[in-house]
Amino acid sequence: MSSWLVDTVGYPNVLPHFPFSLISLSLSPSYHQTLDTKDLKVSKVTANGQAAKFTLGPKHSFMGTPLEITLPFDLSRGQHVIVEVTYETAPNASALQWLTPEQTAGKKHPYLFSQCQATHCRSMVPCQDTPAMKHTYYAQVSVPKELVAVMSAVRDGEEPDPQDSSRAIYHFRQPVPMPSYLIAIVVGALESREIGPRSRVWSEKELVDKAAYEFSETETMLKTAEGLAGPYVWGQYDILVLPPSFPYGGMENPCLTYATPTLLAGDRSLSNVIAHEISHSWTGNLVTNKTWEHFWLNEGHTVYLERMIGRSMESEQFRQFKAMGGWKELQESVNTFGANNPLTNLVPNLNEVDLDEAFSSVPYEKGFALLYHLEELMGGPEVFMGFVKSYIQLFSYSSITTEEWKHYLFTYFKNKVDILNKVDWNAWMHTPGMPPVKPQYDTTMADACIALCKRWTKEGDLGNFSEGDVKTLSTHQLIEFLSLLLQQEPLPLSHVKRMQEVYQLNAFNNAEIRFRWLRLCVKSKWEDAVPMALKMATEQGRMKFTRPLFKEVYNFDKYREEAVRVFIAHRAAMHPVTANLVSKDLKVDNDKST
């Protein structure tokens with residue numbers, strides 16, 4: 001059980017912290033317990049009410065500090081021990097972002113959200129911060145009564161705080177075992193709308209109705225996923241739309257999926273993000289990678305399941321089209337890291353590697369490509385989805401390695417072992433760069449995008465382009481067209497100016513379109529696009545958009561100093577992970593950027 005007092009009154013003048021917390025652990029028969037911490041100020045530890053000795057070990061540059069607890073009594077096997085740790089978090093806790101009222105949509109109240117993946121939970125809670133360990137949790141959170149608390153758990157009631165009439169206490173329970181990186185807490189001026197029999201959408205009131213519209217297909221996706229993967233075991237499936245500084249597209253916290261506000265494009269074109277997070281309810285949350293070297297088990301299977309949902313709700317051609325786009329994202333990641341970089345291995349060696357810096361599309365798309373290749377070898381999507389469903393059922397509630405997955409693959413397809421033995425497993429798993437096999441995807445939906453891209457790179461007469469070129473393209477196809485152009489040499493400045501003239505791309509609000517279009521313009525050194533690119537890089541904090549936009553402007557020599565200046569000016573409003581990585585992208589000394 002955890003008891004948290006979230007102090008946001010007077011922020012930022014008051015140190016943001018959890019001043020009091022109880023952490024309950026069932027200990028194995030040992031006199032010592034080691035917990036992960038990062039920048040926590042531990043003041044007291046007790047075991048079953050008795051004072052326990054504790055020491056903090058040496059501090060690691062990004063992994064934090066071990067908390068060594070010595071129990072004050074001998075243990076007998078099977079004995080239950082409650083360890084209570086009283087501590088405060090640091091103002092710079094990497095799991096937490098504390099927003100001033102000015103950084104929210106409502107502009108009236110402060111806001112707190114956590115983001116614990118991969119190893120940031122230790123900066124919020126002393127814990128065994130590894131996906132190898134799973135636990136249930138119960139929590140009560142005291143907050144100012146004008147604010148609302150939500151967590152990655154089932155809501156279990158609220159009441160006035162008996163110790164402070166200006167505060168309310170929210171209760172939560174998570175009865176399904178889960179790893180520490182899925183603990184989540186959000187406090188803000190939140191409202192919710194029902195969007196299904198087991199789903200609500202949460203956000204500030206300024207966005208809640210728009211979010212309810214955007215995510216109205218959630219129950220359909222849940223039922224589709226259940227048909228593919230088995231029953232949904234987490235009870236509630238809510239979606240929380242966070243403030244713009246949230247660094248990811250989504251986060252699969254059980255019972256409370258996080259979503260970036262950049263999804264609120266008004267055309268429901270980005271529902272694949274929610275399909276992805278829903279899929280994590282099975283692959284990632286229920287069956288979990290044992291260590292982060294095996295992250296592809298989470299993400300590759302989740303992308304596979306996400307695209308199977310798309311296949312069921314749209315078409316097989318749509319699944320093929322999205323897979324083609326994923327291959328290009330993989331190619332871009334490999335190009336960014338370098339084809340010989342071991343971080344592009346499907347199963348990389350992450351010893352002494354900061355996991356934030358290792359994050360890329362490789363485990364997602366290289367993992368999907370392997371599963372798609374196996375699907376083709378084993379007999380098609382229905383046959384292979386049978387394996388995926390069986391794999392989920394067998395390993396539910398546990399954490400596993402690639403070897404365990406592979407062993408079950410060979411067991412399930414025991415009549416096709418001769419085919420599986422022909423797969424170059426070393427090239428797929430332990431070799432950097434692109435996969436050894438490139439799938440041949442159906443190009444039906446991509447053909448129009450490919451043809452239009454070729455016209456812009458080959459056509460000599462710019463007068464031959466017109467508004468009608470893109471009228472018949474879907475949002476997904478327009479994104480693909482721009483993605484294809486980004487893979488080419490930069491277009492001449494005259495071409496991007498003409499493209500704006502005939503297609504009016506500056507007017508598009510869809511974040512995926514706008515992001516690619518602005519990158520394309522900056523690559524072509526169109527100076528008018530630089531302020532728009534920097535504006536998009538700072539008005540939202542999704543790293544998928546923010547980092548590449550800053551890097552494009554930084555690579556435009558004339559505006560390199562401007563990119564650095566704008567980053568330094570906006571750094572304080574960014575999520576700590578985003579700010580840290582952008583500072584490295586722009587070669588900014590952290591000491592000089594504050």
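Cβ from N, Cα, C; glycine included.
Taken from TrEMBL, the feature peptide binding site applies to Q115, C116, Q117, P247, Y248, G249, G250, M251, E252, R542, M543, K544. Summarising the environment of G250 (peptide binding site), the number of other Cβ atoms within 10 Å of its Cβ, over all protein chains shown, is 23.
Annotation source TrEMBL lists Zn(2+) binding site at H276, H280, E299.
The Cβ of E277 (active site, proton acceptor) lies under 8 Å from the Cβ of G250, M251, E252, T257, Y258, A259, each of which sits 6+ residues away along the same chain. TrEMBL lists E277 with the feature active site, proton acceptor.
Neighbour density for Y364 (active site, proton donor): within 10 A of its CB lie 23 other CB atoms from the protein chains shown. Positions annotated as active site, proton donor by TrEMBL: Y364.
Annotated domain 'Peptidase M1 leukotriene A4 hydrolase/aminopeptidase C-terminal' per TrEMBL: 444-586, in sequence order.
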Within 10 Å of Y364 (active site, proton donor) (Cα-Cα), which of the binding-site residues Q115, Q117, Y248, E299, M543?
E299
Summed over the domain 'Peptidase M1 leukotriene A4 hydrolase/aminopeptidase C-terminal' (444-586), the DSSP helix, strand and coil counts are 109 helix, 0 strand, 34 coil
Nearest-integer angstrom distance between the alpha carbons (Cα) of E299 (Zn(2+) binding site) and Y248 (peptide binding site)
14
I want to check the contact list for Q117 (peptide binding site): same chain, sequence separation of six or more, C-beta distance under 8 angstroms. What comes out?
Y181, L182, M251
Counting only other Cβ atoms and using a 10 Å cut-off, which of the binding-site residues H280, E299, M543 scores lowest?
M543
